[in-house]
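According to Swiss-Prot:
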- C175: active site, thioimidate intermediate (ACT_SITE)
- 204-227: NADP(+) binding site (BINDING)
Amino acid sequence: MDKVFDYEDIQLIPAKCIVDSRSECDPTVELGGFTFRLPVVPANMQTIIDEKVALMLAKNGYFYIMHRFNPETRLAFIQDMHERGLYASISVGVKDEEYGFIEVLKSTGHTPEFITIDIAHGHSNAVIRMIQHIKHHLPGSFVIAGNVGTPEAVRELEHAGADATKVGIGPGKVCITKIKTGFGTGGWQLAALRWCAKAATKPIIADGGIRTHGDIAKSIRFGASMVMIGSLFAGHDESPGETFEQDGKQLKEYFGSASEFQKGERKNVEGKKMFVEHKGALQDTLTEMEQDLQSAISYAGGDSLEALRTVDYVMVKNSIFNGDKVY
């Protein structure tokens, strides 16, 4: 493994601008036969997405992945989205009952456009078996598999039939896998992304460790097709979870998918809970992300996301903020 680095260690180098206005830059991305307005997807976590948020995102041309923590509602969710003329994108685990669920989808004719196999350690026989099961019964579904952190894992999951892989083991703000187990991509997520992307022949979704909008551009530069983000999407008007006031500030809860708050028990806990300041409307954040990404594309010297993939960069060991705190 050569020298590793993370988002704050990298600065992209500007190239000559070819547009008159950043609004000419196109930040759309294609995935699974759909074109989405941004290469960004809110994390499939209980305090980030629910049916209402999924509906808002799908209606407005954004990608979403519904979480898997209310399994009994998934079939109705797929039906509802399809009745509205929208795409359905769900998550599954790898437990025995999930095999039956996939068979039910086949027998009832409800094929979701996207299925994400969502477990903490995705480089496993359990995930490979589930990919094969889904591809056998629902060949029309675009399968995203994860999470992984090595090129070997990417190659194996692609070979098993995954249409995209999700890269990131524990770099998230409410993930404590790195602390509880000693394993993960926390602190070198961007290097892990580059390492995995070099082995990939299909799209990669970078998952975790995004703290600023500039990190989205950096993810694209190092090989991501799509970027999954939790903390920046937490705490909005539409976000699930309780809002409350403390010291005159409006706060909302945000917790990890392997936390006791999500599990309802203290067993194999690898997530924690935090409180984030209330951020207002989700659309405002999406619009700001879009504008920042358009600016990034203009700095890259192009007019589409492709321009970001080839820009030069420098390594600046942990110094780029000089103590500035933007977020």
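Keep in mind that glycine also has a Cβ here, set from the backbone N, Cα and C atoms.
Keep in mind that what you see is a predicted model, and the values were worked out from it rather than measured.
Rounded to a whole value, the Cα-Cα separation of C175 (active site, thioimidate intermediate) and D207 (NADP(+) binding site) is 12 Å. Counting every protein chain shown, 19 other Cβ atoms lie within 10 Å of the Cβ of S225 (NADP(+) binding site).
The DSSP secondary structure for I204 (NADP(+) binding site) is strand.
With a 10 A radius on its CB, the residue listed as 'active site, thioimidate intermediate' counts 26 other CB atoms from all the protein chains.
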